[in-house]
């Protein structure tokens, strides 16, 4: 948690430096370039970190070192393919049709280097192995180091009075350092752990076909999550222009406070829930998930109250009077993030118990709500309506996940409850 707090604090410092050095228009362009790249990576991703945890746990339990290495290599291959595809898509978007996301041709050309560095921006499989092998601190340390470098880069460029082109080059190169480092550290950790496992040479529960099926199912969920996380940036930029995109981006960074802690909790809890479900203790896993929901809600509600009372003045003080207009966006986004934070354990439980394809199904329903709200908000309320999509998505997804989990628990209890009328 301390690492997440440090990375978040550095992120806010970077944002404050960028808002003071760049105007609304240039800041909006920088945010739109980053959002396009992150969205492309998410759309092409297979969620390999989750796959590495799911199948890697089976390999470790079977003491299958060769199987664990094969799982990592398979995930790394999927990561490399998805990153290459994302780089090509974004490069084509920036060079051929930048106006689709509210960018000029000049900014599109400047963003080409960012698109190129996406080709090495993959570390899902290595990150999953590090988390599975109790190296959470390593992952957090890399995140904090990258955040510190981005902050230092922003400080230097601000002092030099550099233009947006320099910002795009610096952000591109620094952002690529994190995934490359994680892959090297993941490979090193894998070798150490696999060397201690002396079980069978192969496992039957994690064949390439099984892993690919899981990855494809999870990719659908990842696509839905990425679209509702990043597509709203592009919708706002397209409908209202780069200046509105800058306001939305600043508001999103505040709302992302909830998301960062939810993601940290999800990554920490996922392996434990996986062991419970695999051991036939689904009811116990549900109880743990519900306790986490209550704890997260207790923390999220007061945080929302603080933002409601002092969010506007805080935006004005940190980023300038022009950014106080982002307060309505901040509240909509934060409310959506708070719902996602309070229910972060539920979607993990759905994947582990019912499969990635079931989570994809309910995510698709929630995404339909997202599209309607994300477009209707800006059209009906202007800049103040940006952020409605996130809130609609998380509310629907949480409700459907809860319904599915309760039905699954009831079915399990009925299955294992002895019939009183039986002789």
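In case you wondered, yes, glycine gets a Cβ from its N, Cα and C as well.
Listed features, source TrEMBL:
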- 31-53: transmembrane segment (TRANSMEM)
- 74-97: transmembrane segment (TRANSMEM)
- 112-132: transmembrane segment (TRANSMEM)
- 139-158: transmembrane segment (TRANSMEM)
- 164-185: transmembrane segment (TRANSMEM)
- 292-310: transmembrane segment (TRANSMEM)
- 330-352: transmembrane segment (TRANSMEM)
- 359-381: transmembrane segment (TRANSMEM)
- 387-406: transmembrane segment (TRANSMEM)
Assess whether the transmembrane segment (164-185) lies in contact with the transmembrane segment (359-381), where contact requires at least three Cβ pairs under 8 Å among residues 6 or more apart in sequence. no
The transmembrane segment (112-132) and the transmembrane segment (387-406): do they have three or more Cβ pairs under 8 Å, with pairs 6 or more apart in sequence? no
Would the transmembrane segment (330-352) count as touching the transmembrane segment (359-381), if touching means at least three Cβ pairs under 8 Å and pairs must be 6 or more apart in sequence? yes
Within-chain partners of the transmembrane segment (31-53) [C-beta distance under 8 Å, separation at least 6 from its ends]: 71-72, 75-76, 78-79, 82-83, 85-87, 89-90, 93-94, 101-103, 107, 111, 114-115, 118, 121-122, 124-125, 127-129, 131-132, 168, 171, 211, 214-216, 218-219, 221-223, 225-227, 229-231, 233-234, 237, 242, 245-246, 248-249, 267, 270-271, 274, 351, 356
